[in-house]
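The structure under discussion appears below in the form of structure tokens.
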């Protein structure tokens, strides 16, 4: 890092015009050369979707004051794939960051998160990766209390490195909790969304639904991301993409399958 | 199980008309009462996407010889949410099965898989869940060599239960490997897709891309799903949705973040 400026790839899931992305791009320019590849429209809740069986568009945009930037018709995971294998080609980014997401990606939301799917895709590719999210869904959210914490985290990531195939899931409390108390390394809380569906009828009389949900946290541990966020701390969960449940692997061998 | 017929929810990601779904529905009818909620169009590669910021449609269909069945405009995860909270309401399924997918969902493909996202969504809801996939992407794939194995696995799942919050990822070798050698409990192989993009131009001269990829397995273990499938065995990986990397959590505490 001391000899050449790091190359940082930035993506997100709220789309190329989202305020959270523009804040993250500005911060990353303090650290190195920045390339942006982001969805051309909001992709919240896309999980680790990729575009198969359909085409992808990728177009240069000039909305970041001279930076090389593209909008992509695909998902956040598509953006990272296209960035690595088409836009950057022979150049390997020193860091991939995604966000800042407008909304929490703590606990089980990591599975539904387009923001984290970009980071996890990068981790699969062997690249150091961080997803940043703010617990405020508003388009006009105040991100300013996150900036110094992002700088600290990115500085450590560039200096110390992130273990290979690990993506960091960083969440910030809402600005009403500012100033934040510090950073906590956490495990993913065992919480979930309790779903409900709002049933309505369109102008032609055909039924449709809106998904609504309440976040239910049954995990009382003080080492979880949900605990940290509720108590005014930045949470960082290191995530891996090996979903094997090794405990279950041992217990399930008792099945009679021959 | 001996007193009442189990209630089995069936979904998939290839859509309500896919042959693999119809095979799975027929097999499940041997075991109990079957309810089907599946996407109204193919959803391959959707990962754990959910529909937020858009409406959902759910319509009854009568293509399963008298079974209660719905097609849904959403993703596989949406289908399971709608099935549990709207279609079944106060009834809890004894098992949720997804598939049979036309194509492999071994190794890291579990992250991109709509089939497994339905199963994992069920596991998040605390329901016993299994995703079935065949290593043959063809719409006309021969599934017949999988039927007896599916019966064995479902019988054990209903009799012995599946640990709570675990979803089983079951993959079958292509029919050319039949008869299959047996079942192997496996961990997810540390393999990945090496992406490439096929660059083309549409009739108006605008550029577009097709995602293409080669599957690269750098994991030489004989306890992986990829190994089992390549050697003619059915693979079962128990999957969890806690993505925390606990090893990394310990090592990363050395970062200077104060």
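Glycine residues also receive a Cβ, built from the backbone N, Cα and C atoms like all the rest.
According to TrEMBL, B:13, B:14, B:101 bind divalent metal cation; the candidate from B:44, B:73, B:138, B:144 that the record adds to this site is B:44. Look at residue B:101 (divalent metal cation binding site): DSSP puts it in a strand. The binding-site residues examined here are B:13, B:14; by Cβ neighbour count within 10 Å, the least packed of them is B:14. Using a CB-CB cutoff of under 8 Å against chain A, the binding-site residues that qualify from B:13, B:14, B:44, B:101 are B:44. Of all the binding-site residues listed (B:44, B:101), B:44 has the fewest other CB atoms within 10 A of its CB.
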